[in-house]
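To start, the structure under review is shown below, and the notes come after it.
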There are 6 protein chains.
Amino acid sequence: MAEGDRLTHIDASGAANMVDVAEKADTSRTATAIGSVSMKPETLAMILSGNAKKGDVLATARIAGIMAAKRTHELIPLCHPLALSKVTVEIDPDETLPGLRVKATTKVTGKTGVEMEALTAASVACLTIYDMAKAVDRFMVLSGIQVVEKSGGQSGDWKAPDWNGAA
Amino acid sequence: MAEGDRLTHIDASGAANMVDVAEKADTSRTATAIGSVSMKPETLAMILSGNAKKGDVLATARIAGIMAAKRTHELIPLCHPLALSKVTVEIDPDETLPGLRVKATTKVTGKTGVEMEALTAASVACLTIYDMAKAVDRFMVLSGIQVVEKSGGQSGDWKAPDWNGAA
Amino acid sequence: MAEGDRLTHIDASGAANMVDVAEKADTSRTATAIGSVSMKPETLAMILSGNAKKGDVLATARIAGIMAAKRTHELIPLCHPLALSKVTVEIDPDETLPGLRVKATTKVTGKTGVEMEALTAASVACLTIYDMAKAVDRFMVLSGIQVVEKSGGQSGDWKAPDWNGAA
Amino acid sequence: MAEGDRLTHIDASGAANMVDVAEKADTSRTATAIGSVSMKPETLAMILSGNAKKGDVLATARIAGIMAAKRTHELIPLCHPLALSKVTVEIDPDETLPGLRVKATTKVTGKTGVEMEALTAASVACLTIYDMAKAVDRFMVLSGIQVVEKSGGQSGDWKAPDWNGAA
Amino acid sequence: MAEGDRLTHIDASGAANMVDVAEKADTSRTATAIGSVSMKPETLAMILSGNAKKGDVLATARIAGIMAAKRTHELIPLCHPLALSKVTVEIDPDETLPGLRVKATTKVTGKTGVEMEALTAASVACLTIYDMAKAVDRFMVLSGIQVVEKSGGQSGDWKAPDWNGAA
Amino acid sequence: MAEGDRLTHIDASGAANMVDVAEKADTSRTATAIGSVSMKPETLAMILSGNAKKGDVLATARIAGIMAAKRTHELIPLCHPLALSKVTVEIDPDETLPGLRVKATTKVTGKTGVEMEALTAASVACLTIYDMAKAVDRFMVLSGIQVVEKSGGQSGDWKAPDWNGAA
């Protein structure tokens, strides 16, 4: 589990550029990112059982996250385009938050990691939840958006210390 | 400062649809959203003065946030396309975090609010910072992504209670 | 109910160009388009009650149609970009087909009609249904994709003769 | 020629997700889809010899179809991004329809089939024809959009029973 | 005909941001940009009469230019999204170059000028010509890409001194 | 160093189509393109040391060029989508022009060359410079946009005769 000691997107002259990954091996890589949207308990109740079918709110956010993962390289300037082989987004309620927890997993057989794709999927799923509930709750907050697990690639497999696999 | 009591993107049958805003007035609307990326103190130091020109890392994240604001309606399924008249993104270091704080402001003369555009700009700027520093710090976390100020539109002007205008 | 007598996107020299709509009035315009996907009865049964939650298949197709409507001007070369104020997509089963019927409605206050947006939403919703069921039925057919109702603009309001409002 | 017995984009819990294709083999795959736009005989005559150069109307539709094929994964939520190696679109008049018939062929060396790309190309070419002729004929209908031939992949080669290769 | 004395996209602190145009008037604005692709005489001959139908090469470039104009705000970071009301692209051979000359005209009723849209249309039409002929001529050069005429907006109408309206 | 004798995107019937590259070998390919923006000496001075931080103007143009390279296949109708492994954009002042010179380098391991990606990056970087300085100088001109070096692929390595590697 080795981290580097320099910002890889910045070249010797200090300019931001898209680094060369041509010499890296094509290996199977996965990443999992999480995030959450905290809200008022009544907002969560409305999403889960109120005047909306639970399915549609969460399905919309899940689809938005999946579609955003495929556009990561259009949004993040120095990300490489990738032929993602899998994207899943899960959304679960957490009444202790209270709010919704999002978990996104991405996979590729390629030369670069897929953590930005997982983070983008999680972020856009959270943003979509915010959009769908903002008329009833303007103080929702997105937080804890982070990578919790990664496999493949030269930095090896790793998992966030306190990550137990739940969303 | 009135909030509604229903999820506006969900119609009577429970299906998610893009609501009709044709009858809303064209008024001047602004929104400000914030967010932060927390990181190890040495990561922040490297971004600010290490082997990168500060300008390029922050300029890349700022440009990414601005460009993402313009694509909000492509990412968030039920957002209306908007002719944004202004987008600004500011990024400032906060050594107590430690990390970087992002503030995005958006403006439109139109029929719907621009908080999703501000949130999208802030989120993508944070994701870009993550991307540029991930080789040296895999445990960065994005948090506190929220709307802090809004003006125009039928819900009137409001500001988050503890928001003092700083990024 | 007047139709023109020339192909408006083709100029005097015969070249395809995006016509000038600057002098047209900003009026409220709507359009409704329909389409259907016919399939084997067991495919329809599987979508409606089989090993999938009905909600998710139809929600995915509905969201895809709504998002595609917003990108019509990127797909159809000579369409003008529009600030759509509303897009709805409804999908209903029809066991006599057997299959699913899609109805898309679009609205704008602007200088050009929104029938291409409605047609694009209906087409992409149908394509998404095909994608989700193609592993079990390779002979599905998309048909009857057409505009059935239009209001606003200089050609006035009209409705297809045999259109009763059902999807 | 085996078809599956479940909707592959729907996981065990019923949620729509982008399935994992990482373990599938990289093989050469092709697909051909067709579709048609029926119209009044005088609309067809105008497109073919009237006040438009035939070349430009059909060239515009063909280019639109090719460009749309490359964006299939942006439009259809659960499609994988693909490095298409070939896309062709042919458009031929059929006076018995009367109207235009579109045939799109796509090819990839990859892990998933390209029928959605062929269908998207055919659909968008049809939509573009509609757009270019709608000022003179509002009752055009798109129909018969279907996959007629496929090769490569684990389901093997197949052809629609009544497909003879004509557009 | 007044030019400003500062770089408008750069704010007081030196950061690049998308400037506020909300207070500018909605006026009718047009811009015309030109550009050319110089090539070997035999390349030009092949495009005009060789083994290609002239219509298709030029139609493809023209369509590409028109579609690119609509995406200017996605490509140029600080451009505002605009509801273009017209885009035309003309391409004419010039045997004295030898090569092809492109002229693009854009129009909007809005708060900002459309010169970037005209320049983007002209540039992408030139790039498309290059793409279609590069197999036979690798030394083609794009040059003279500039704005030659502009009307509307606070800087008033102007025309490049030596511009006579030809492509 | 062999050039072909036909326009490869045009098929036997004269129609523009996206050619089949499936049988071409996956080899490492690079391309370098250049271009320049000429401007008044005082415009150059303002960009380099005036009321803008040099970093931000050039960083914005560099990021825009890199992002555009990744979208080449969306802009140029018959370009294949590519998994670019590297994109760099360098911008240097040339007081003899006077103006800025842009050099873009692209790399892929794939079946087709990357010269269109390099040309698109260079063009969009030039357009972005124009956009950022247009308020102070409306007579800037983009010129000399061309490929100067290419390696890999069946046409072998080549370099423009008078190209010495400088931007």
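Even glycines carry a Cβ here, placed using N, Cα and C.
Listed in TrEMBL for this protein:
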- A:18-153: domain 'Molybdopterin cofactor biosynthesis C (MoaC)' (DOMAIN)
- A:L78, A:C79, A:H80, A:M116, A:E117: substrate binding site (BINDING)
- A:D131: active site (ACT_SITE)
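Sequence features, as recorded in TrEMBL, placed on the structure.
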| residue | record | Cβ within 10 Å |
| --- | --- | --- |
| A:L78 | substrate binding site | 23 |
| A:C79 | substrate binding site | 23 |
| A:H80 | substrate binding site | 22 |
| A:M116 | substrate binding site | 27 |
| A:E117 | substrate binding site | 28 |
| A:D131 | active site | 24 |
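Regional average pLDDT for the domain 'Molybdopterin cofactor biosynthesis C (MoaC)' (A:18-153) in the model is 92. In this structure, the C-alpha atom of the residue listed as 'active site' lies 21 angstrom from that of A:E117 (substrate binding site). Chain B has a C-beta under 8 angstroms from the C-beta of A:C79, taken from the binding-site residues A:C79, A:H80, A:E117.
Here the recorded positions are A:L78, A:H80, A:E117, A:D131, and the ones sitting under 8 angstroms from chain F, going by CB atoms, are A:L78, A:H80.
Each residue of the domain 'Molybdopterin cofactor biosynthesis C (MoaC)' (A:18-153) gets a DSSP state, and the totals for helix, strand and coil are 49 helix, 45 strand, 42 coil. The maximum pairwise C-alpha distance among A:L78, A:C79, A:H80, A:M116, A:E117, the residues recorded as binding substrate, is 13 Å.
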